[in-house]
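Q: Shown below is the structure under consideration.
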Amino acid sequence: MIPGSAVYHVVEAMAPLYTAAVLGYASVRWLKAFSDEQCAGINHFVALYAVPVLIFHMVSTNDPYHMNERLIAADTLQKAIMLLALTAWAFWSHYRGRRRGGAKDDGAAPLSPIKWVVTNFSVASLPNTIIMGVPLLDGMYGSVSGGLMKQIVVMQFCIWYNVVIFLYEFMAARDSSAKISPVSVAAAAAAGNRDRIGENGGSIHAEGSRHQVVVNIEITEAAAAAAAAAASPAAPDSRAAEETAAAAAVAKELTADADANNAKAAEEVPAVPPPAPAQQVPPVMHVVWMAVKKLLQIPNTYASFLGLIWSLMAFKIGFSMPKIVDDSLFVIYTTAVGLSMFASGTFIARQSRFVPCGYTIASLSMVLKFLIGPVIMLLVSLAIGMHGTLLHIAVVQAALPLAVTSFVYAEEYKVHADIMSTGVILGIFISLPVTIVYYILLGL
């Protein structure tokens, strides 16, 4: 049985997290200390600076030459199976709903299941291994579990969080392309049609306009001549009257001709129907390329690969980070977890109810997190031949609560942040009794 001191260590690790979350909740709900823009700024700082520096620290201090291959293989297979299964389920449910008429046939419909794929995958497969996993598993299985937890964290940061961010960027790139391309294509087509008509000499509006200008000039000249003739003191009265009458007749005739030509031009102008809304989504490869370019600009990508390169060199040659650099990074990455929980508290405070996503979705996410994820990890671990303490550690870490970083990204990209915040807050409460149950069952 897990000793009481180990439970106390877990509570010690949980208390600071809830302190930050409660402070964020109170600051917005009761104290009104932060506006929506300021809360978004805090979350943006965490996503842009604190989390990338934390990723670099975790990856750069991990020894890549002494990692447990079976644990890494089991963790990778579990996450890959979850991702593929959730993708198949989401798209099957979506297209079945479309066949039944349950979904609108608009431009964004075909790829809307990706939001649920990302959300469910994050809930089921990205645990809080450092904050909750290290003290909990250290009390259950000893100090050996700490190094194993760090290896799983490194794989999450180097691979799986980049996969999640790529899917977020894919959705953002596709939505922006779908909003821009139909309008621009329709405008370009209409402009091209007008240009082609003008170039071929068939623009009746243009011809009519030129004819009308000439007629107006002639009318003006005739009227001016008549006025000049009438106002000239040298002209006899009879001659002036004759010239005035002639000019008026010419002007009247030209006006009648212009009206007839304009009426004829209006009849011959073909009716141009308004452009139909585009029904085709942008090419997938174009959207993928946009998402890849965006991913390469995100600090997390640089932090992951720079940390991996540093660890490969440092543990191969045997040198360490300079203290001045290490302390500078320490000041930044220590804010990541606390500010993430603070941002989660501010998000909940801005919602109309304490469980923003609703109790049904919250219950389903807890089942996905604490039942389906660990069971798949157990089956995968047994399939590759894991047993003993290593098997127990792999299963228990899969039952840890949702990582706070997942909420940060969900809030940054505005994709189901309510589910993520609920998963973080409720998951930390539920994880302790759930992991103890798994610890007892695995020890039988």
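Residue numbers in this text run from 1 along the chain shown.
Glycine is no exception: its Cβ is also placed from the backbone N, Cα and C atoms.
Those TrEMBL annotations? Automatic predictions, nothing curated.
Dumping what TrEMBL says about this protein:
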- 6-28: transmembrane segment (TRANSMEM)
- 40-59: transmembrane segment (TRANSMEM)
- 71-92: transmembrane segment (TRANSMEM)
- 113-132: transmembrane segment (TRANSMEM)
- 152-171: transmembrane segment (TRANSMEM)
- 300-318: transmembrane segment (TRANSMEM)
- 330-349: transmembrane segment (TRANSMEM)
- 361-384: transmembrane segment (TRANSMEM)
- 390-410: transmembrane segment (TRANSMEM)
- 422-441: transmembrane segment (TRANSMEM)
Q: I'd like to know if the transmembrane segment (300-318) touches the transmembrane segment (113-132) in this structure, counting it as a touch only when three or more C-beta pairs sit under 8 Å and are separated by 6 or more positions.
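A: Taking Cβ pairs at least 6 residues apart, the transmembrane segment (300-318) and the transmembrane segment (113-132) are not in contact, as fewer than 3 fall under 8 Å.
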Q: Short question: most Cβ pairs under 8 Å with the transmembrane segment (152-171), which of 40-59, 71-92, 300-318, 361-384?
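A: Per the Cβ count, the answer is 300-318.
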Q: Grab the same-chain neighbours of the transmembrane segment (300-318) for me: Cβ-Cβ under 8 Å, and only residues 6 or more beyond its ends, written as numbers and ranges.
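A: Result: 51-53, 55-65, 157-158, 161-162, 165.
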Q: By Cβ distance under 8 Å, which residues at least 6 away from the ends of the transmembrane segment (71-92) in the same chain are close to it?
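A: Hits for the transmembrane segment (71-92): 113-114, 116-117, 120-121, 124-125, 148, 151-152, 155, 159-160, 163, 373, 376-377, 380-381, 383-384, 386, 390, 393-394, 398.
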Q: Mind checking which residues of the chain, 6+ beyond the ends of the transmembrane segment (422-441), have their Cβ under 8 Å from one of its Cβ atoms?
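A: Same-chain residues near the transmembrane segment (422-441) but 6 or more away: 1-2, 7, 10, 14, 17-18, 21, 123, 128, 132, 136, 140, 341, 344, 348, 355-357, 361-362, 365-366, 369-370, 374, 392, 395-396, 399-404, 406-407.
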Q: May I ask for the residues of the chain that lie six or more residues beyond the transmembrane segment (40-59) and have a Cβ under 8 Å from a Cβ within it?
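A: Contacts of the transmembrane segment (40-59) (Cβ under 8 Å, skipping residues fewer than 6 from its ends): 34, 130, 150, 153-154, 157-158, 161, 299-300, 302-304, 306-308, 310-311, 329-330, 332-333, 335-337, 339-340, 342-343, 346-347, 405, 408-409, 411-412.
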Q: So which residues does the transmembrane segment (6-28) touch in its own chain, when a touch means Cβ under 8 Å and the partner is 6 or more beyond its ends?
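A: For the transmembrane segment (6-28), the nonlocal Cβ contacts are 34, 39, 131-132, 134-136, 138-140, 337-339, 341-346, 348-350, 404, 425, 428, 432.
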Q: So which residues does the transmembrane segment (330-349) touch in its own chain, when a touch means Cβ under 8 Å and the partner is 6 or more beyond its ends?
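A: Beyond its ends, the transmembrane segment (330-349) has Cβ neighbours at 16-18, 20-29, 34, 39, 42-43, 45-46, 49-51, 53-54, 56-57, 131, 356, 404-405, 407-408, 411, 417-418, 421, 424-425.
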